[in-house]
Structures are given as structure tokens and as C-alpha cells.
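Structure record follows, encoded as C-alpha cells.
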Amino acid sequence: MIHRSKNNIPCFCRPSIEIQEPASDIRDDVIEVAGSRDNLSTGERTVDAASPPQVEALEPVAELPHSPAPSAKSTPHTTPKTSMKFKKDGKEGKPFEFGKSKFTSKHEVVKRGKDVEVKLENLKLSKEDTLRVVVLPPMRGQAAASGTQPELETKVKKSGSKYEISFRPTEVGTHKVLAYVNEIQHPLSPFPIRVYDSSEIIVGEIPARSNLNDTVEFTVDAGRAGFGNLEMAIKDADGVIIPSHVAQLESGTAKFLVTFTPTSRGQHTVNITFNKEVLKNSPFEVLITDPPAPLTETMTETASASPSLSKKDTKREKEDKKKEEKERAKREKEEKAA
């Protein structure tokens, strides 16, 4: 994980970015107030013992012309007593105590399509108690517009005071596990399970070739992948990780611009993982070569390269020069003799 500024992320040899889900995917209104579901189904009204019900005082009515004079108060004004006992099957009982019960899971961040197991431990139920478990997927589309949310199919397995809740998520986003005992919501629910899918990450076009010391850049969009940790490592031809820079393209999004500047020749690789899972087509390859020489230098090199001959040609050239010199000396000698 790295701490990022608003627009830029510091340069590290192996950038690591934590991808957060949009706040709109997590709805707080699915949390039900303890006892609210029971009250709605039975039509009873829950009364708080700490605050007795308010008694509305009747305002005095004007005396009618032929009505007798009002009599004096015969009984003192008192506050009625209230009962805080819950009713179960027509019998009064004590409210359920959740005690030290809690939710646990080996993996709170899981891949879409894989089975999830959540344990509800230390929950002691009597024969009269009833446990109800609900798993809610993230609200999207029509469900968000209508305000209704479908429940996922769940399996609950009991083992002593431990209950194993299993389900298979089919959507990316935060799923909420809620538990009710006698329609009273567990105080530690909803328990969140974050679901991701690395195949939803879009990697922009990465050039197959580039020049030495030229900046190579590409984009990564992880906005639909869910919660997780995005890591990138650029390696040179020797497998050594080289520095790279990651910048956020838009504030509040998971769209990034990745850049690096190769300082050595050869095949470079771009390695990308999400939640330790290697992305499809990763590693991406970029061949780094020398930049093309300027046209003037090419012409100069060609001109200077033409006199340079092989050893055989050089020897033959020397022999020809010696032969010409001998013939010239011979001609000069003959001319003098004549």
C-alpha cells in the first residue's frame, strides 16, 4: 500500500495502490433498528423503559349553558407504569442476550464466483430461539431505483454454539451479512464481505517498442474491479525492477497513468497484479532499442566507411601502388638513357 496525494502518487520501484469502492455501493439504510421488524409484523409498539410514555393533558372545555358544574378531582394525577418484557408465542420472556458472539471470516476480500464462509461464533440459542440469516448484495440499477434488495441464497450449518454461513457472490462490491435472533438484529451486523474481479481491470495500450531514455506511458482503469490492492512492477532485460510513476487521472476514481523511462536496452516487462492475482496478458513486453541516428550522421558515417577496406583489399591496393611506382621509375630511367 502507498499513501497517495490528491493527484499524484510518489514514485516507487513497485507502486502499490489501494482501490476503494464508491460510497454509493454501500447503503446504510439496510441496517434495521433492533426490534423494528418484530414491531412491524406484530403491530406492537416498543416502549423505552428509560422514558415513560407521554400523557397528553386534556384542555378544559368551556361550560355549556345547561351543563352542571365540573366536579372536583377525585383521584391524584399519576404516571402509568410500562412493561419492557418481550412477548414470544403469547408468553412474556426476557430479551435475547447476544453476549460475546461475533462474526469471523478467513477472507473478507474474495473473488467473484468463489464460495464464502462466515462464522457466527459463541451464539447460545435455546430451543425457543429462532435464528434468521440474510445476505444482501450491493444495490445497483433497478434494485437501487425501487429501494428493494434481493437476498442471496445462503446455507447455515450449526456446530455447537457456532454457526457456519456460506454463500456464493455473483456481483462485485460489498455484500452484507445480517443475523437476527427472534427478529432482533445482531449488534455486530451487518458483517461486510468485499467481492472483487480482476478481469474488470482495463489496461490501456502499451507500446511494443520504444527508444532508450524515452518515457513510456499507459493507463490502468480499475474502477469496476471492486476493493483491492493494485500493484505494478516494470523490469528491465536483466529482471531488475526499475522506477515507475503512477498518477491519478481523475479525483475520486480508480483511473491511473503509469510512466517509466528505460535506461538500458533490451526486452522490458510490465507486471500487473490485483490482490496478488496476475492480470490477463501480464506481463506486457516493451522492446527498448537505440534511438535512430540523425540523417547527417548517417551520411558522414557512410562516407567515412567507404575507404576502410578489408585486409585482403588493402594488401592488393599496396601491391598495385608498388607496381605502378616501379613502372614509373623504369620509364623515367629509359627516358634518361635515350
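Glycine too: its Cβ is placed from the backbone N, Cα and C atoms.
Feature annotations, courtesy of TrEMBL:
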- 62-91: region 'Disordered' (REGION)
- 72-82: compositional bias 'Polar residues' (COMPBIAS)
- 113-195: repeat 'Filamin' (REPEAT)
- 193-288: repeat 'Filamin' (REPEAT)
- 290-338: region 'Disordered' (REGION)
- 297-309: compositional bias 'Polar residues' (COMPBIAS)
- 310-338: compositional bias 'Basic and acidic residues' (COMPBIAS)
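Predicted-model confidence for the repeat 'Filamin' (193-288) is 95, expressed as mean pLDDT. Secondary structure of the repeat 'Filamin' (193-288) per DSSP (helix as H, G, I; strand as E, B; remaining residues coil): 3 helix, 52 strand, 41 coil.
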